Every structure is written in C-alpha cells, then in structure tokens.
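Colleague: I grabbed these lines from Swiss-Prot:
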- HIS58: O2 binding site (BINDING)
- HIS87: heme b binding site (BINDING)
- 1-141: domain 'Globin' (DOMAIN)
- THR8: phosphothreonine (MOD_RES)
- LYS11: N6-succinyllysine (MOD_RES)
- LYS16: N6-succinyllysine (MOD_RES)
- TYR24: phosphotyrosine (MOD_RES)
- SER35: phosphoserine (MOD_RES)
- SER49: phosphoserine (MOD_RES)
- SER102: phosphoserine (MOD_RES)
- THR108: phosphothreonine (MOD_RES)
- SER124: phosphoserine (MOD_RES)
- THR134: phosphothreonine (MOD_RES)
- THR137: phosphothreonine (MOD_RES)
- SER138: phosphoserine (MOD_RES)
Amino acid sequence: VLSPADKTNVKAAWEKVGGHGAAYGAEALERMFLSFPTTKTYFPHFDLSHGSAQVQGHGKKVADALANAAGHLDDLPSALSALSDLHAHKLRVDPVNFKLLSHCLLVTLAAHHPAEFTPAVHASLDKFLATVSTVLTSKYR
C-alpha cells in the first residue's frame, strides 16, 4: 500500500520524467533485453536493435501506461484493467518479466535523475512499480 508520502514521491518523480517518458521507456526496455535476454522471446516480431522504431514505440506505451497509473494512484486496478487483461489473456507474459522491467525502469530513472533519486524516492517508486506489477498480474488467476 502506497503511503501519502509515497504518492507524493511518485507524482513528483513522474512530473520530472515529463516529455522524456517515451525515451526512458525505450531505454528501460533495451536494458531489459540486454540484461535479461529471455525477455526477447515476447517480441519475436520486433527489431530489437538500439533505437529501433518498434522499441521506441513500445517504450512510449510503457511510459504512457505508467503515467496513467501515476495519475490514478488511488484506483490502480481500474486504471490498469484493460492492460491487465491484455497481458494476462492475449500476450500471456510471464509475471516475472514485470519485475525485471521494473528494475530496469528504476535504473533508468536513477541514471537520468541522480540528485532526485533519493532513498525515499527509490523506495516509493519501487513500491509503485511493485503495485503496478501486482495489478497487471491480478487477472492471471
């Protein structure tokens, strides 16, 4: 459960992401593909090379979904319901991959905003991404 301080930290961090969301999302995906090569199996039709339009496009989708979630912290299940259905029933993504991408997102955000990435902000973002991951996997059961 996100505390009021966590919610404040998440909203502030996402405001700092601003117009860089698509680039950060793509960078996090690239980090994930390089660090955890098995995740590539979910994207057999993608050009996974650095800077590819497909990775950039999916990075934007990831960033947009997280921005939407950050704007609906009090009702994440409703905000992410369609995305949860998609990943559980159509794409059938192994839930562990959400944790891997979350880790790569944290690394990306820390790399771009080191001064703002305090231990408290890190903890809040980690809780936020873990909560998003839980919601996305809730329809697997």
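The backbone N, Cα and C atoms fix where each Cβ goes, and this holds for glycine too.
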Colleague: Which residues, sitting 6 or more apart from HIS87 (heme b binding site) on the same chain, put a CB under 8 Å from its CB?
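Modeller: Listed in sequence order, they are VAL93, LEU136, THR137.
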Colleague: Could you state the whole-number distance in Å separating the C-alpha atoms of the residue listed as 'O2 binding site' and SER49 (phosphoserine)?
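Modeller: Taking the Cα atoms only, the residue listed as 'O2 binding site' lies 13 Å from SER49 (phosphoserine).
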Colleague: In whole Å, how far does the CA atom of THR134 (phosphothreonine) lie from that of SER102 (phosphoserine)?
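Modeller: Computed Cα spacing between THR134 (phosphothreonine) and SER102 (phosphoserine) is 12 Å.
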Colleague: Sort the residues of the domain 'Globin' (1-141) into helix, strand and coil with DSSP and give the three counts.
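Modeller: Computed counts for the domain 'Globin' (1-141) are 110 helix, 0 strand, 31 coil.
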Colleague: Far apart in sequence but close in space: which same-chain residues, 6 or more away, have a Cβ under 8 Å from SER49 (phosphoserine)?
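Modeller: Listed in sequence order, they are VAL55.
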Colleague: Quick one: Cα separation, SER138 (phosphoserine) versus SER124 (phosphoserine), in Å?
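Modeller: Approximately 21 Å lies between the Cα of SER138 (phosphoserine) and that of SER124 (phosphoserine).
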